[in-house]
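Here is the structure we will look at.
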Amino acid sequence: MTTRVMFFCLGNICRSPLAEALFRYHVEARGLGDRFEIASSGTSGYHVGEPPDPGSVKVAKERLGLDISGQRAQRLVGAHVQAYDWLVAMDGANLRDARRLEGGERQKLVLLRDYEPSEAQRGGDVPDPWGGGPEHFEQVFEMVERCTAGLLDALMADRT
Ligand code: 4NP
């Protein structure tokens, strides 16, 4: 059975494109590519159709050689909330906005940082790096890299 996972932020140009790419990276590294369907979106329509922010494209390339420039922003809608098994928010405001959409069982709407591997870091938001310098995108990359691995561990543990 395929598990459908949707990552979302506000614009779908900075944080959630990295989450989509890094979760896919972990899935493929573990040979689980045929078990997951992975996507990303934004709660706003501000950037629909646009490629990821240059800061996110650059850090993905530099750190892991991932090319995310082909992704295009889409808006999160009620149909996604119904169709996906897990909807993973980058921050608390994203989560509140998604809860207003039709049809979402609350249990499948979760926060990415609840999957921090280290308990001491667990909870809170992935900070919005939009308009920030490279260090902001690097901080987001590291956080999202850890938490997407933690999420995959949790989803695989759930199945057994
Ligand atoms: P993201 O970052 O939610 O991580 O994609 C943002 C992108 C655009 C805006 C805000 C955050 N904006 O206000 O246009």
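Just so you know, glycine gets a Cβ as well, placed from its N, Cα and C.
Feature list (source: TrEMBL):
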- 3-154: domain 'Phosphotyrosine protein phosphatase I' (DOMAIN)
- Cys9: active site, nucleophile (ACT_SITE)
- Arg15: active site (ACT_SITE)
- Asp128: active site, proton donor (ACT_SITE)
Which same-chain residues, if any, lie at least 6 apart from Asp128 (active site, proton donor) yet have Cβ under 8 Å of it:
Cys9, Leu10, Cys14, Arg15, Met90, Asp91
Of Cys9, Arg15, the active-site residues given in the record, which has the fewest other CB atoms within 10 A of its CB?
Cys9
For Cys9 (active site, nucleophile), just give me the three-state DSSP call.
strand
Whole-number mean of pLDDT values that fall within the domain 'Phosphotyrosine protein phosphatase I' (3-154):
96
